[in-house]
Amino acid sequence: MSSVAVLTQESFAEHRSGLVPQQIKVATLNSEEESDPPTYKDAFPPLPEKAACLESAQEPAGAWGNKIRPIKASVITQVFHVPLEERKYKDMNQFGEGEQAKICLEIMQRTGAHLELSLAKDQGLSIMVSGKLDAVMKARKDIVARLQTQASATVAIPKEHHRFVIGKNGEKLQDLELKTATKIQIPRPDDPSNQIKITGTKEGIEKARHEVLLISAEQDERAVERLEVEKAFHPFIAGPYNRLVGEIMQETGTRINIPPPSVNRTEIVFTGEKEQLAQAVARIKKIYEEKKKKTTTIAVEVKKSQHKYVIGPKGNSLQEILERTGVSVEIPPSDSISETVILRGEPEKLGQALTEVYAKANSFTVSSVAAPSWLHRFIIGKKGQNLAKITQQMPKVHIEFTEGEDKITLEGPTEDVSVTQEHIEGMVKDLINRMDYVEINIDHKFHRHLIGKSGANINRIKDQYKVSVRIPPDSEKSNLIRIEGDPQGVQQAKRELLELASRMENERTKDLIIEQRFHRTIIGQKGERIREIRDKFPEVIINFPDPAQKSDIVQLRGPKNEVEKCTKYMQKMVADLVENSYSISVPIFKQFHKNIIGKGGANIKKIREESNTKIDLPAENSNSETIIITGKRANCEAARSRILSIQKDLANIAEVEVSIPAKLHNSLIGTKGRLIRSIMEECGGVHIHFPVEGSGSDTVVIRGPSSDVEKAKKQLLHLAEEKQTKSFTVDIRAKPEYHKFLIGKGGGKIRKVRDSTGARVIFPAAEDKDQDLITIIGKEDAVREAQKELEALIQNLDNVVEDSMLVDPKHHRHFVIRRGQVLREIAEEYGGVMVSFPRSGTQSDKVTLKGAKGCVEAAKKRIQEIIEDLEAQVTLECAIPQKFHRSVMGPKGSRIQQITRDFSVQIKFPDREENPVHSTEPAVQENGDEAGEGREAKDSDPGSPRRCDIIIISGRKEKCEAAKEALEALVPVTVEVEVPFDLHRYVIGQKGSGIRKMMDEFEVNIHVPAPELQSDIIAITGLAANLDRAKAGLLERVKELQAEQEDRALRSFKLSVTVDPKYHPKIIGRKGAVITQIRLEHDVNIQFPDKGDGNQPQDQITITGYEKNTEAARDAILRIVGELEQMVSEDVPLDHRVHARIIGARGKAIRKIMDEFKVDIRFPQSGAPDPNCVTVTGLPENVEEAIDHILNLEEEYLADVVDSEALQVYMKPPVHEEAKAPSRGFVVRDAPWAASSSEKAPDMSSSEEFPSFGAQVAPKTLPWGPKR
């Protein structure tokens, strides 16, 4: 074993040892020349005969071994081998096993088995699995499925045998899949196919196929016989390429199933008719007995690494030896360490077979060359060029580079390997002499910056110094960077990388908090101000957040010192902005605004410049008198003083300061400034200025004409005094349940307190935290009186009393129905008083009330009122057609609930009639029936209302009548509005949005007739109060639509203009810029002819829009055409090698030239007949200037191109490769098989010519006990 990795769940994450080294496979090429082929005797000299030691091949069982029964272990261990050619993950990345490692960890976690992996010399993978039997079997199945390449095969057995393969509840199939590590797919019962598909490894497929055929044979109605034949003699029975057993099956018609070499079974199963089966068994027995007598064995030692050459591709070499010599060659399993190969056959043929075995084993040799792993890439060369030269001369040599190992493995014919080894050793020596490497430590967090965007930095260093730089991936968190190449280049690259890293270590990132409102100002118009900052600090990167993020963080990144300087500079700029953002409002009488502005804005301009402020005046048509000044506080104050002084000079304006306590300012201003505005208007439009809230100042300034100022002052002081006296406050406390009682029904009680005392009583709102607090505000004496009254009421409420009253039992139900709704309302309204009615079933009329004395009395009074209402209750009928009932009720019955509350009545709607459609024809009378018999009198009267239309109202008579009127007012009415039919779809709007909006806005229903009726009448149904508004709204919408129709007709004017198609691209412009400008400027639609349409005139441009606009657009297009017709085109020869430089990155350079000279320059496309021809189009004088300019550029750039090409000749001389001749492979003369060379080539797809038989032999079983 070359390397072993133990995988456990604890250590697996740290396992990065390169368990499966990356193989660098090099395809061999045919040699150009070949010498005469050697003779067979020269290539394979005969070996001296030597007696075989048979004793070593057999191991005697201990005498005591059979007496002791083996103990069955609960934990078992199994070893599986995955050959190189069947490994799924051969090429692993340089940082570990990658996917294979993940898969193994997953298998261990899922199955609970323990895995150990090792790599054999032949690069095969050995996996040892330990654990309980079921865990090992599951792990094995997963390993095969996920780490080994999968093949598939089909086996045909009778359809009726499929169920026996599946077994009860699928158990047999599952067991078979676990045992063979395969996936077996059996067709469904309704599928006529009898093919069973097996997927897995080659060995697993053989085992599964054998087991399926055995199950089928057992169920076969024909005779089945099993014959025990030693495993070693199976190859003789099968014959070379299975021909012998195939002949027997064909001749006898018997199916013979020989276990594959990988299955450790000795019995051969025969299925067929009895007589024919007996013949087949007899023939097989005869062959077996004959071979058992005549054959003998010899054991030879052959290196394990050479076994695969003896086996050959798909066991082909073994079959060849068996065919030519009649000798069976038994190779130990690949997972065995044994190197012993057993030859079994007739004594006289063993010598020849032995010669062939050694010839095949020694036909190839394996050697290695010591070479540091970092030099491997240079030996291989760019795209394998260096190695290709070697493999062209030695095509049979396989060269293998293993990642992480300081050696190169060579495998192939001995002479070729020696020559190749010498060549590679010379290359290694030369590279060691002239190449160097260095490893440097740079913090991994800087690695991605060293690499640069898309590898720009690192690729530049590689190209500049001709070195290879290996940076570990981020996942490794490694700081080690390796530089390889020319010693001088390595040192230069090292110096530059360390300088970059040092610069990055010195770099820092700083977040600066700047209010987002200043970001646009700092950036400036078109980025001018930020460009100045970046020019001042070129090494600092400044990043502003996206405006959508609403972030205040501005990020600075760069060298520490520069970042600090830039931070201070920007902070100073922000401080200036903050200072300059102070704003004050100055009210100035409207008639003086023009004097403040001055002639041509002279006055205001002077104030702005001298005070360094921004002054905004209201628009002329605005009613506002306020002038806003923005800038530094001191400057704003100075500008305000100057503006006020202008106003003072112009008119008799007085200014008075009044001292009013700051706490009264808000109450004087009033809600949204209404109170102070009324004083200002009443006193001739004076200006009253209060100090900023929170400043603590008591000074209020009044400005205006002297007489008005005095009047305003008096009013303001009087109001302040009044507010002062009325702002006395007292807080009292009462339980929240008392509040409703204190307020009284409809606020009656609290209104009495307010009226008698003049004080305001404020109860807490639902969202207030302190629900006990009641606040009284007003004059002191009024507040004290109200406090006294309320405290007396609260004290009475705190005195709980119990009282009773008599209520007729017939009324009890009214109080307790709907879960005592009436009683709950009484309790809420009267301070939580408890009312207890006697139990149902008892005839008692005593009702008990418990609570505060006042509450109890009020509750008794309320109950008495309810009883009186019940006794005075009448029932009224209100006839409203049933179709209007839903509309009358309103959403969720809200309208009816409102009427019930307002009039204290009960309203009951009739049940809905199942079939509301009634025939207008008279009912047909049967013989013997009299008119009206069996019907109610009202039903027989056609004028009487239907039962389903009658709504019952219960309550006091006067309230019932009022409720009836209210109900009738809710009956919807319909009006018809005439709207032209062609406007209906616009009234409805997209997906009904228009009509839905009107219905919601006016609370009506609008019915538009169906399109097929072609009717102009739209019906509006709703409450009479809403109909007028809805009708007016609909007619207004019709007017709007008619105006839009007229506008559409005017906009649809079309105009055609004839323009030569060659000018169309110029009129359209780059990305449609020119034509878009014309469209937007003239508000028109411009349509160019479709190039693919042959029927359409190609010179007609159609313009659609208002007539005046289309004519203006036409004139604009014709002006462009006029300019284009004056233009000329000239071809100029320009060396194609400089085209790219003249065009520039993304065409920037050529666009600059075209804009500068106002010309169009067209370069030839790839594949053009003349690659140097460039066309310049424009006005004659512009074309000449542009041509002169680009010819000067050509001369300048061409000098650089010539120098560069001359340098390339020396740096990269041309490589001349000779023609490669096809390889003939390895050829010898006078070989034993030359006689059969005339036979046709073997068929690779034939299982007979390329079987898997004979590749391995079953391991010998040893008795339990100590090894001897």
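The backbone N, Cα and C atoms fix where each Cβ goes, glycine too.
Since this is a predicted model, take the numbers as computed values, not measurements.
Taken verbatim from Swiss-Prot:
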type: COMPBIAS; residues: 932-947; note: compositional bias 'Basic and acidic residues'
type: COMPBIAS; residues: 1237-1249; note: compositional bias 'Polar residues'
type: DOMAIN; residues: 158-229; note: domain 'KH 1'
type: DOMAIN; residues: 303-371; note: domain 'KH 3'
type: DOMAIN; residues: 515-588; note: domain 'KH 6'
type: DOMAIN; residues: 1135-1209; note: domain 'KH 14'
type: MOD_RES; residues: Ser2; note: N-acetylserine
type: MOD_RES; residues: Thr8; note: phosphothreonine
type: MOD_RES; residues: Ser11; note: phosphoserine
type: MOD_RES; residues: Ser31; note: phosphoserine
type: MOD_RES; residues: Ser35; note: phosphoserine
type: MOD_RES; residues: Thr295; note: phosphothreonine
type: MOD_RES; residues: Thr296; note: phosphothreonine
type: MOD_RES; residues: Tyr437; note: phosphotyrosine
type: MOD_RES; residues: Ser645; note: phosphoserine
type: MOD_RES; residues: Lys991; note: N6-acetyllysine
type: MOD_RES; residues: Ser1247; note: phosphoserine
type: MOD_RES; residues: Ser1252; note: phosphoserine
type: REGION; residues: 910-947; note: region 'Disordered'
type: REGION; residues: 1237-1268; note: region 'Disordered'
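By a simple count of nearby Cβ atoms, those within 10 Å, the most crowded of the modified residues Tyr437, Ser645 is Tyr437. According to DSSP, Thr295 (phosphothreonine) sits in a coil region rather than a helix or strand. Local packing around the Cβ, expressed as the count of other Cβ atoms within 10 angstroms, is greatest for Thr295 among the modified residues Thr295, Thr296. For the domain 'KH 6' (515-588), the DSSP-based tally of helix, strand and coil residues reads 44 helix, 16 strand, 14 coil. Neighbours of Lys991 (N6-acetyllysine), defined as other CB atoms within 10 A of its CB across all chains, total 7. The two recorded residues, the residue listed as 'N6-acetyllysine' and Ser645 (phosphoserine), have Cα atoms 63 Å apart. Ser645 (phosphoserine) and the residue listed as 'phosphotyrosine' have their C-alpha atoms 84 Å apart, to the nearest angstrom.
For Thr295 (phosphothreonine) paired with Tyr437 (phosphotyrosine), the C-alpha to C-alpha distance reads 63 Å. Mean model confidence of the domain 'KH 14' (1135-1209) amounts to 86 (pLDDT, 0 to 100 scale).
The domain 'KH 1' (158-229): residue composition by secondary structure is 39 helix, 15 strand, 18 coil, according to DSSP. Each residue in the domain 'KH 14' (1135-1209) gets a DSSP state, and the totals come to 51 helix, 9 strand, 15 coil. With helix defined as DSSP H, G or I and strand as E or B, the domain 'KH 3' (303-371) counts 37 helix, 15 strand, 17 coil.
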